[in-house]
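A short worksheet on the structure shown next.
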Amino acid sequence: MTVKTRFAPSPTGYLHVGGARTALYSWLYAKSQGGEFVLRIEDTDLERNSQEAVDAILEGMQWLGLEWNEGPYFQTQRFDRYNEMVDKLLAEDKAYKCYASKELLDEVRAEQEANKEMPRYDAEHPKIKAANEAAKDGDPCVIRFRNPKEGSVVFEDQIRGRIEISNSQMDDLIIRRTDGSPTYNFCVVVDDWDMGITHVIRGEDHINNTPRQINIYEALGAPVPTFAHCAMILGDDGAKLSKRHGAVSVMQYRDMGYLPVALNNYLVRLGWSHGDQEIFSQEEMINLFSLNAISKSASAFNTDKLLWLNNHYIKTSDPKYVAEHLQWHLDQKDIKTENGPAITDVIKLVGERCNTLVELADQIGYFYQDFDAFDADAAKKHLRGVAKQPLEVALAKVEALTEWTTENLHQVIADVCTDLEIGMGKIGMPLRVAVTGGGQSPSVDAVMQLIGKERVVARIKMALAFIAEREANA
């Protein structure tokens with residue numbers, strides 16, 4: 001048997017973190033078993049669906065690298081198939097027409113609540129029975145699935161173990177509305193059957209749907225897939241993760257400067273574990289992943305942990321991979337890397353200081369863009385009269401260099417210290433402010449080497465002009 005999993009979001013909003021984790025788990029399980037992963041868009045809610053949401057889901061999946069083997073399938077393109085299966089159940093007396101109006105059902109529900117009974121649809125209730133008997137062909141009706149009245153639904157959840165629900169707790173589910181459109185629980189079953197889905201991995205909020213769906217599988221004569229229901233994700237305050245906890249959309253994490261590999265690594269550990277290991281390559285995730293290692297307990301989202309992972313991957317990933325994802329952030333700042341050093345070299349130098357790609361983009365502009373002003377605080381502290389001579393000597397030595405290497409630039413700074421009998425800070429900090437425009441950067445000799453001789457010379461001259469003007473206005 002080929003294992004086949006699916007991710008089946010509804011296009012009513014963005015791809016959120018909980019959905020992304022479900023997609024990741026489904027993708028990993030399929031890959032770990034040499035199986036296939038299907039993407040299905042469950043768009044039967046015609047009032048709330050949007051193409052924008054579909055695009056956001058596809059963009060989020062592609063950004064995470066969760067490529068699908070089949071799909072995306074759209075439920076709205078399969079209505080003929082659903083109606084065929086509804087008609088099959090009607091013909092076999094496993095479904096029936098219900099003519100009870102919404103007003104009548106509300107009235108019956110109110111009676112049940114007043115009598116301290118569990119509110120539910122009851123086909124044998126006198127008022128509902130009378131409405132059905134009085135109806136004529138052509139009157140508006142829904143189609144209800146005839147749920148078994150006796151026995152229980154039992155299934156072995158791969159995360160939670162044995163689950164048993166009595167059929168007496170379930171009423172006759174609507175499977176087709178009065179407008180002719182099929183409902184979620186029915187479409188899901190037909191889709192999973194037609195698409196050969198063997199394992200359904202989804203959130204625990206679907207547990208109540210599962211016994212209903214199992215009864216429909218069996219009524220259709222379809223194989224029942226294996227189920228695994230993942231616990232919810234909580235915010236750091238213990239409440240269910242929501243917008244008030246900050247970013248919950250996958251693409252918001254892209255915008256905030258996270259690498260897909262970091263978010264995937266974080267999400268896989270948000271409920272699944274392999275000993276105490278924290279860092280997992282994609283290959284390790286695939287090789288080690290198993291459903292029975294997923295926790296039954298809810299997991300709390302920890303942004304500090306995600307930041308730590310992101311910093312790890314910025315430092316240790318192939319700079320070409322980091323550059324690929326950094327480009328979007330550079331575009332937002334209109335930084336053109338064609339006019340400067342190789343971006344991979346800059347990433348190697350600056351990356352380990354950054355927790356996000358936003359920070360990285362913020363810190364590398366001076367490699368590619370000239371500036372006409374220095375950071376006010378840094379200039380006030382370091383571009384003073386006392387820095388004039390060290391900068392002048394450094395400028396002369398820099399201009400005289402014939403081989404522009406980090407080693408030679410390091411020697412220039414050392415020679416300035418020796419010649420003027422000053423400490424490293426007396427030239428290092430003024431030089432840093434001169435060539436970067438600010439007071440923080442990696443080793444200034446390495447920075448100068450990447451910026452290039454022409455720009456370094458011009459910036460030191462600009463710093464000297466700044467000092468001269470400052471002294472003149474003193």
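We count from 1, first residue shown onward.
Glycine is no exception: its Cβ is also placed from the backbone N, Cα and C atoms.
Per Swiss-Prot, the range carrying the annotation motif ''HIGH' region' out of 9-19, 174-184, 196-206 is 9-19. Here the motif ''HIGH' region' (9-19) has Cβ contacts under 8 Å with residues 41-43, 45, 48-51, 53-54, 56-57, 59-61, 203, 232-233, 241, 248-253, 267, 301 of the same chain, all six or more residues outside its ends. Helix, strand and coil counts from DSSP across the motif ''HIGH' region' (9-19) read 3 helix, 1 strand, 7 coil. Over the motif ''KMSKS' region' (240-244) the predicted model carries a mean pLDDT of 73.
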